[in-house]
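See below for the structure under consideration.
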């Protein structure tokens, strides 16, 4: 297993020490005639998308993408439609065959797998949840959930039992014998989620699973995913075009544009230090106090006094600190493992809300 | 000819002639100006020049003779077609014997109970009643003969169709090969299939079954392929993402997802098989169709009706039951009551067996002779009365025979003579112009080639005779069909009244339409045209109504908000927007009319249909085959001429 020395500034320091589940390096997916020549030709790879299409008739849906998905994290790939995010997630299990680059799952080269091995990967190691659910309309809920196990050749009674467990886990008890057409959108996606969970995969892949749902249902489902992740700690790759969803669910976010990853980092990094104007424009309307942590807002090295008045955890978001500080009318201490790291006051917190803290640091 | 230059011409013409149709016509006129004097000088005008015909009668006659001489000795027949022929005869015989062994009570019980399980109580009772009616009419044995032939033909059709459909659904290359063939087979009149099978198998049950299979398998193949290709892409991707093998994907996802199309294919195959099984009486199918055929030959309307009613009842029952099976998918009770479903089938089976056994031990296997109702005599008396009172001399309105006579003298004769008097090249030009304006240069080229092939075959004059009947029938059909369609689209109540009538009329086999027209108009070309009109009308009405109703309501609303009168709404909004549907109605109308006009050869329609019947009756297969080929060409030409570009695009998707 490869050890990655890149220092990702993740909120949970433990994640970066974990081994990667998926390692993607220099991945390309080009659609069009003679697609395989594009990634190999440095002259072509440097072209902007429109010119590339004019020159070769090819479209590069994924351009030279590299990242690691670490065990137990929720890795969000976010971008607008046409940014290549759905193509990217399909390349991971070769539902779409990549054009160039490497993909490894726990060190094993996915692109080198033969059919049997690839089928094993899809059956046991990575399961996917789809935007429009992809349920079999002629099967009941429980049979849809058990479908993955049926494909694997698990006996009828065993797969029914296991499916039943998962059905209960996603809150669909009592609907086992219904058909997908009799369910609401949210319930259908619960079936989709249950079907993926039933095969007990190492990684769950979500392809914009909630974008076809109403806003309220979507929020329920997001909370469901958060709950499942807390309970099971399963690795998840989550594709979305919704920034608030990405910030809510993601441990790390890869932001894509025109097939390229323009920034990869924690929600706080993306919002707090956008890599370029595109990202800045993207995150402009984000309620920063909900994303930025106190660690970033504090004045390091100071202490408001013995007993650490206020005492806020370093990982707490700024919105929580605002409550404490505005109630006590005095600066609050930021603590971690019982140590005081610094203080936050009105000024620092307001700077975060207004998005002016970076400029001040630069001065 | 002219059409080949089209792509180059498009580049500069739009600038000069803004209207595309005008541009096409101008280009065609230009080509005609060059080519016509040449053709005229070389071959002369008037009917198709003799120098350009190829006489196929002699070689075809030799082939036919050779086949007849060698049918019992040549290995090709002994070990190839002979086996096929024997297998067909044996299986039809076996099914027939099983049906007889079950007795009338058993068959009726099975039909009713199967219909009950598949489609509910009402259809169950209806199916049982239909079989009882067949018995009451004294048609039990012919019904069983037709049914036995149908069972074998449908089984083979479904198997062949499903295999072809699977191939076309799973392989793009097969699809590209099969699709145009199946599309074309769909538009050919049933009569065109009869002679080639007779040539190989001779007149008899094997030929009838195989003609039926060839006619009925294409819809199954088309719909299987359509269903497999139409499956939700994301579902298939989901199945693949779970690591299914391609076999698992086919069995657990693609085929179940195509269930609706498969059952619709089954429905269409059964309906077409019934239609053909009846028509195939002219090549020895026996059964109900044969009774109708014999009765029509002696203009015995009563006997024809007695055999025709069971055909209609069979058609309606088979259509409704298989149709209900296709609609039953959304049935929420399906999954939950799985056990009681199975129990229901068990009860049905047990009851059927019990009824059959009771019938057997009661010694009442055959339909009791005393229970039959002889309708032939009263019907014939009614027909005689009609002949005496309604045929002619009714004050003011004349009579049905007068109408038919007038229609023949004033419409059919001038039209036929006019067409036959046209110079041959002008017919080709008209075909090219129509096909190109409505469709593309490809369809125009096919149409012109098909028309020219008719000339080459040496059946120019009879083909134009058939064509004149088709044109007259299509004109009447369209006038009536569009008027009824517009009325139905505007009035919900009228549509509700019309729908069940259309449903029944659309399920009836072509053959039975000949019975009432013979009763009303006697024999001749006019009755053939009348039968064609009645046969094609329901489809035209239905497509027109649907097309008009599907016009964007927003467009209609905006027209109304601007104060358009209902006449203006129809003329300026509904008809232009429904143009694709109207063209489709035209296309369907032409195809359906042709099918029946050809069959009209049996009731004095003459022309190509008569040549086929004559060829069969006299054993002169060469004449029949040439006429059959001309029918194929005529069908191809008429379909392509009326084929709007939209239909191609739709099918390509």
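Residue numbers in this text run from 1 along the chain shown.
Each residue, glycine too, has its Cβ placed from N, Cα and C.
Annotation comment: TrEMBL describes B:143-322 (among others) as domain 'ABC transmembrane type-1'.
Per TrEMBL, domain 'ABC transmembrane type-1' is recorded for B:463-642 (among others).
Summarising the annotation, TrEMBL assigns transmembrane segment to B:94-116 (among others).
Beyond the ends of the transmembrane segment (B:123-141), by six or more residues, the same chain brings 104, 107-109, 111-117, 288, 291, 306-307, 309-310, 313-314, 316-317, 320-321, 324, 366-367, 371-375 to within a C-beta distance below 8 angstroms of the stretch. Feature annotation from TrEMBL assigns transmembrane segment to B:123-141 (among others).
Sequence-remote contacts of a segment are chain residues at least 6 beyond its ends whose Cβ falls under 8 Å from one of its Cβ atoms, and for the transmembrane segment (B:147-170) they are 88, 91-93, 95-96, 99, 178-179, 182, 205, 208-209, 212-213, 216-229, 250, 254, 258, 262, 265-266, 269-270, 273-274, 276-277, 285-287, 314. Under the heading transmembrane segment, TrEMBL lists B:147-170 (among others).
Among the features that TrEMBL reports, transmembrane segment is placed at B:191-217 (among others). Within the chain, the transmembrane segment (B:191-217) has long-range Cβ neighbours (under 8 A, six or more residues past its boundaries) at 63-64, 67-68, 71, 81, 84-85, 88-89, 92, 149-150, 152-154, 156-158, 160-161, 164, 185, 269-270, 272-273, 275-277, 279-286, 595, 598-599, 601, 609, 612, 615-616, 621, 624-625, 628-629, 631-632, 635.
Feature annotation from TrEMBL assigns transmembrane segment to B:269-288 (among others).
As annotated by TrEMBL, transmembrane segment applies to B:295-318 (among others).
Residues of the same chain lying 6 or more positions beyond the ends of the transmembrane segment (B:344-363) and with a Cβ under 8 Å from any Cβ of it are 101-106, 108-110, 113-114, 116-117. Summarising the annotation, TrEMBL assigns transmembrane segment to B:344-363 (among others).
The feature transmembrane segment is assigned by TrEMBL to B:421-438 (among others).
Under the heading transmembrane segment, TrEMBL lists B:470-491 (among others).
Summarising the annotation, TrEMBL assigns transmembrane segment to B:511-537 (among others).
Feature annotation from TrEMBL assigns transmembrane segment to B:581-609 (among others).
Sequence annotations record features per position, and here TrEMBL assigns transmembrane segment to B:621-638 (among others).
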Contact between the transmembrane segment (B:295-318) and the transmembrane segment (B:421-438) (at least 3 Cβ pairs under 8 Å, separation 6+): no
